[in-house]
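Q: The L-glutamine binding site annotation in TrEMBL covers G47, E48, S49, R109, I143, R144.
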Amino acid sequence: MAVVGVLALQGSYNEHLAALRRIGVRGVEVRKPEQLLGLDSLIIPGGESTTMAKLANYHNLFPALREFVSGGKPVWGTCAGLIFLANKAVGQKTGGQELVGGLDCTVHRNFFGSQLQSFETELSVPKLAEKEGGNDTCRGVFIRAPAILDVGSDVEILADCPVPANRPSITISSGEGDEKCIPKIE
């Protein structure tokens, strides 16, 4: 039986562990580096990414997480987990936060605004239906959600959430003199 670790520092780790149990997969809470040993895959759940980063630093988890990710085993990050896995993050608090990296993308924290701007929408995911069968749409829930602004050439995009062109924009700097204007939902 596959053993899936769930980073259990803060956030929705209990919900992920319960979902794993429902489908007959053994889930293990991960709070210390040695708990990554023997895992077949890892889930980094949603939560508050700054708090998760502080706790990961406190428990000296970043080196072990980076080693796990670079080892090629499957890793899934939702919301704060996406931020953790991104190679680059923008829209962070002053000083930023440490990232695990490994996913060739640039993510913007809280791109869609505060809790009050949270929303749900149907997303077209035809490749999921091709591989798994069933409906080619999926309900997307955006609660203080990050957005992926840019991806590397080896990243396959399965779905996107169009942002209306009439929205205010934010300017993203790569730190190398390149800038992009991207609409932002307020």
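Including glycine, each Cβ sits where the backbone N, Cα and C put it.
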Q: So if I measure Cβ to Cβ from R109 (L-glutamine binding site) and keep only same-chain residues at least 6 apart in sequence, which ones fall under 8 Å?
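A: Result: S49, I83, A89, V90, G91, Q92, P146.
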Q: What's the number of neighbouring CB atoms sitting within 10 A of the CB on I143 (L-glutamine binding site)?
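A: I143 (L-glutamine binding site) is surrounded by 13 other Cβ atoms within 10 Å.
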Q: State, in Å as a whole number, the widest CA to CA span among the L-glutamine-binding residues G47, E48, S49, R109, I143, R144 given in the record.
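A: With G47, E48, S49, R109, I143, R144 as the binding residues for L-glutamine, the largest Cα distance is 13 Å.
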Q: Taking the Cβ of G47 (L-glutamine binding site) as the centre, count every other Cβ atom within 10 Å, in any protein chain shown.
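A: By my count, 22.
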Q: Whose Cβ lies within 8 Å of the mean position of the Cβ atoms of G47, E48, S49, R109, I143, R144, the L-glutamine site, other than those residues?
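A: Those within range, site residues removed, are G11, G46, C79, A80, I83, N110, P146.
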Q: For each of the binding-site residues (E48, S49, R144), count the other CB atoms lying within 10 A of its CB, then report the residue with the highest count.
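A: Answer returned by the neighbour count: S49.
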